Amino acid sequence: MAESMSLEYKPTWVVAAVCFVIILICLFAERGLNHLGKWLRRNQQDALFEALQKLKAELMLLGFISLLLNVFQGLISQICIPTHLESSMLPCKKHTESKSHKEFSSLAVNGHLLFSADSSSEHCSREGKVPLLSTEAFHQLHILIFVVAVVHVASCAIILVLGGARIREWKPWEEWISKVEKGKYSIEFPKIISIDTHNHHLQKVLEKHAWGYWRKAAVVSWTMSFFKQFHSPVTLSEYIALRDGFIMTHCPDNREYDFHKYMTLSLERDFRHVVGISWYQWLFVVVFLTLNVEGWHAYFWLSFLPVVLLLLVGAKLEHIIVRLAQDVDEMKKLQGREAAPPVKPSDEYFWFNRPRIVLHFIHFILFQNAFEIAFFFWILWTYGFHSCIMGRKGYIITRLIMGVIAQGLCSYITLPLYALVTKMGTSFEPVQLQLQSSINI
């Protein structure tokens with residue numbers, strides 16, 4: 001059996017055919033990414049092109065990880081550990097192995113029986129120990145790392161497409177405001193258009209968020225912010241008020257500045273960061289693999305984490321709008337003016353006075369949710385639906401539902417809120433001026 005599994009005793013046409021198919025797939029993927037990059041450059045999508053380059057770097061890193069696993073699997077499989085260490089923190093209860101497993105190990109995977117010569121098991125058994133990791137376990141680890149990366153990239157692409165579609169729904173607002181600034185009229189916008197339009201919408205924002213003593217209470221304002229993200233995350237009045245405050249602060253001489261286009265370009269630029277997998281996220285994978293102990297149901301409880309964090313981030317972003325409106329109301333009272341001053345962008349209400357930290361939260365949430373989904377598909381492919389690692393059916397269904405909810409929340413609520421509200425931070429001014437010049441060109 002050992003001889004039949006070696007390349008020395010395999011037909012050359014089999015080896016050549018398998019290599020040909022693998023090389024062909026890799027070439028198609030490489031050419032496809034190159035053509036996609038040329039198309040992005042040709043359409044002046046520089047931010048998405050840089051995100052594609054980041055994706056290529058991540059694929060190269062995955063290839064290097066796979067290479068290291070292949071190179072060192074023989075050495076690691078020769079490391080022996082005491083049997084009592086192998087019996088601790090197991091994802092499934094271990095069954096007694098027969099004598100034949102001392103020489104050869106077998107594993108049924110979705111109806112296919114895989115055989116591998118386990119010389120490391122024989123080597124360790126002579127010492128009364130067991131191998132640290134078997135050859136079959138290395139193979140399954142290869143698949144897990146690949147599936148996690150693929151699902152994460154697919155998740156980021158879905159988020160960008162759906163979130164961008166939601167943000168494009170605000171484009172008619174930008175066009176309407178542009179017509180207001182230019183003093184144009186049309187059948188689509190039959191209302192009387194004047195410079196008082198901005199003041200009117202700002203007054204509506206103040207009435208909704210700042211007027212009344214009870215609205216300024218922390219518990220009430222946070223509760224209202226939490227529930228507001230579900231029914232009307234951003235209204236026309238809020239968009240106009242925030243846009244006007246941004247322009248009056250950063251480019252007061254250009255009242256017709258395309259704020260929506262800047263917001264879209266900024267989102268594409270931030271996508272470069274989101275598509276990557278940081279070192280602390282790989283560390284997160286290691287921690288999760290450690291917690292996958294039978295009876296702990298760690299993956300079931302951790303499936304709630306993305307949704308909870310997304311709701312927290314969404315409530316925080318909504319609450320920033322509330323606090324900015326309350327600041328405008330206080331400034332209006334201090335100055336004793338009838339017309340309210342424009343919204344004043346500030347880093348004060350963001351976590352640690354850093355608007356960009358919201359992006360790191362979203363990045364971590366997306367990866368954690370993608371890992372949950374990828375782990376499900378990995379178990380389904382490697383061990384089957386009824387595997388003990390999969391857990392109870394109720395837990396499985398709940399995990400999938402929470403994954404879909406997290407994907408939807410991030411696409412239609414959190415990401416559009418992030419794209420708008422984080423522009424109210426003063427630290428974005430240098431980036432804005434740089435993008436403004438590129439837009440004018």
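The backbone N, Cα and C atoms fix where each Cβ goes, glycine too.
Any TrEMBL annotation is an automated prediction that lacks curation.
Long-range contacts of the transmembrane segment (12-33) within the same chain: residues 52, 55-56, each at least 6 residues beyond the stretch ends and with a Cβ under 8 Å from a Cβ of the stretch. Among the features that TrEMBL reports, transmembrane segment is placed at 12-33 (among others).
Per TrEMBL, the feature transmembrane segment maps to 59-81 (among others). Same-chain residues lying 6 or more positions outside the transmembrane segment (59-81) and placing a CB less than 8 Å from one of its CB atoms are 120, 123-124, 127, 129-135, 138, 141-142, 145-146, 149, 277.
What TrEMBL lists as transmembrane segment is 141-162 (among others).
The transmembrane segment annotation in TrEMBL covers 271-290 (among others).
Annotation comment: TrEMBL describes 296-315 (among others) as transmembrane segment. Residues 222, 225-226, 229, 233, 288, 358, 361-362, 364-366, 368-369, 372, 375, 391, 395, 398-399, 402-403, 405-406, 409-410, 413-414, 417-418 of the same chain lie 6+ residues outside the transmembrane segment (296-315) yet bring a C-beta within less than 8 angstroms of a C-beta in it.
According to TrEMBL, the transmembrane segment annotation covers 357-380 (among others). Listed by sequence, the residues of this chain that lie at least six past the ends of the transmembrane segment (357-380) yet keep a Cβ under 8 A from its Cβ atoms are 143-144, 147-148, 150-152, 154-156, 159, 270, 273-274, 277-278, 280-281, 284-285, 288, 299, 302-303, 305-306, 309-310, 313, 316-317, 350-351, 387, 389-390, 396, 399-400, 402-403, 406-407, 410, 414-415, 418, 422.
As annotated by TrEMBL, transmembrane segment applies to 400-421 (among others).
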